[in-house]
Structures are given as structure tokens and as C-alpha cells.
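Enquirer: If you scroll down you'll find the structure; I have some questions about it.
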């Protein structure tokens, strides 16, 4: 159940000088893979499928609802940036600045929404949920959320650097601050769930069933010793989860060469691919 408070935005949204081209860029923060629709739906579906301690479900619902408010803020910002945008090609043809503006804006804002935001990215591609991750594993979901908040904060910082509009910088600085909190929030939840001690994920599989020597070995694939090998924290010492020792080895294939046999004559293949046994079976 959700309630609306009467239309107030979570934070100020002001545009000093409308910019239709920036409105197009802001669409990425709404419907892009780093955008607010993505995280809103991700947290909601994680919450709606959450099992175990109820507090994680409640936390996800709270933040998912906040992200809905961020969509509202950005949609408002898009609409305000579209105010006064040129719509007539004839007038724009005699004004180089107006013509350039029309060339840089998303024409769908003019012909599809009467100068309003859409659930699309900056290229006009509709949001399709392909990057909404809700695994059912609460620890895995917390890490997925840290990644989502990190790339979302990257986008907000890039948008902040793209504009000189004081109002837009103020709004974006707020969204950047909230992404700072959410990164820390989900990392804190992951830590509370056991952090690295509860890795690998899922932690309910008996690791004694994993073939020895494979689970903490970093493989390199250079064909000879002249190829530099990337070494680091991952290649030696105690593993991140504390359950093994990292080592580094050159990969040696042990699986043999696959033999799929001949194709069935019932398949749409060339005659040379067909197996004789299958041909004889068909004749019997």
C-alpha cells in the first residue's frame, strides 16, 4: 500500500534557463539502465519477493518508494527544461541557434507528450526491465544494489558537470547525496548479513563438494611466459571470504576435444554431416 502526500516533491526542482537538449540528457536518469525507474522497480521486486528477516523487506520498500519520488523530480525537470522549446521548422530555419536546439532535442518530447518526460532513455529507447535484478538472495541483491547506486551516482555526477544551470545543479547535487546514502545503506546491510564471512554466495552449498584446487585459483591464459600476468590481491594470500588461499596458475585445458558425432538426417544439414547409423535406422 502506498500513499501520496498531495503532490509535493521530495526536493526543489528549479530551472533557471530551459534547455531542451539537457532535457534529453535527463531522460537517461529516468529510463536509462542507470536510471531511477530501474532502481525503483529493482528494490520493489526485491522487497515483494523477500523471505527471511522482515526488516530488509521494509528497508527496500522505503527506498523503492523514495526512488519513485526521484522519478517525479526528474520528470518535472524534463518538463521545465522543455518550456519554450522550438516546434516549428520554418522559424528554426532562419535561426541557427533554434535550429541547433531542434536538432539536439528528442523530437518525441514535441510530437508524443506535449513537452513532457517519457519512460525512455536519452536515445528514446523505452525502459524494458532487462536490468531489474531481484534474485531472491538478500546478500546478492544488496551487492547488486550497490552497483546500481554506483552507476546511478556516476550518471548524476556526469549530468551535474554537463549543466551550468544553478537550479539543475542543486537538484542533481541532492540526487548525488541520496546515492551516497544508498550506497552506504546497502553496503551496511550486506555487512550486517555477514559481509565477506558469508561468501561465497549462496552460502548454503557445501564447499567440500567443489573440486579441490579450482575454487581459489586465478587462471591466466597467456600462451607463453612473455605475456604479462596480472597479479594482485586476488592472486595470493588468504581469500576474501577467509575460507581458502589464493593462488595463480597458467590455465591448462583438461577437458578434451568435444565430439558431437554426426548430424541426424532429419535435420536441415549438408549430406556430409549425416550419420550412417541414423540413415540405416530410417531405412529399417
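Glycine too: its Cβ is placed from the backbone N, Cα and C atoms.
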Enquirer: Using only what TrEMBL says about Mn(2+) binding by 36, 67, 70, 149, identify which of 4, 109, 182 is listed for that site too.
Expert: 182
Enquirer: Suppose you had to name the range TrEMBL annotates as region 'Disordered'; which of 225-245, 246-266 would you pick?
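Expert: My reading of TrEMBL: the region 'Disordered' range is 225-245.
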Enquirer: When you scan the chain for residues with a C-beta under 8 Å from the compositional bias 'Polar residues' (228-239), skipping those not six or more beyond its ends, what do you find?
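Expert: Residues 216, 218, 220, 222, 245-248.
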Enquirer: So of 70, 182, which of the binding-site residues has the fewest other Cβ atoms within 10 Å around its own Cβ?
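Expert: Candidates: the binding-site residues 70, 182. Fewest Cβ atoms within 10 Å: 182.
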Enquirer: Among 36, 58, 67, 149, the binding-site residues in question, whose Cβ has the most other Cβ atoms within 10 Å in this structure?
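Expert: Within the set of binding-site residues, the most crowded position is 36.
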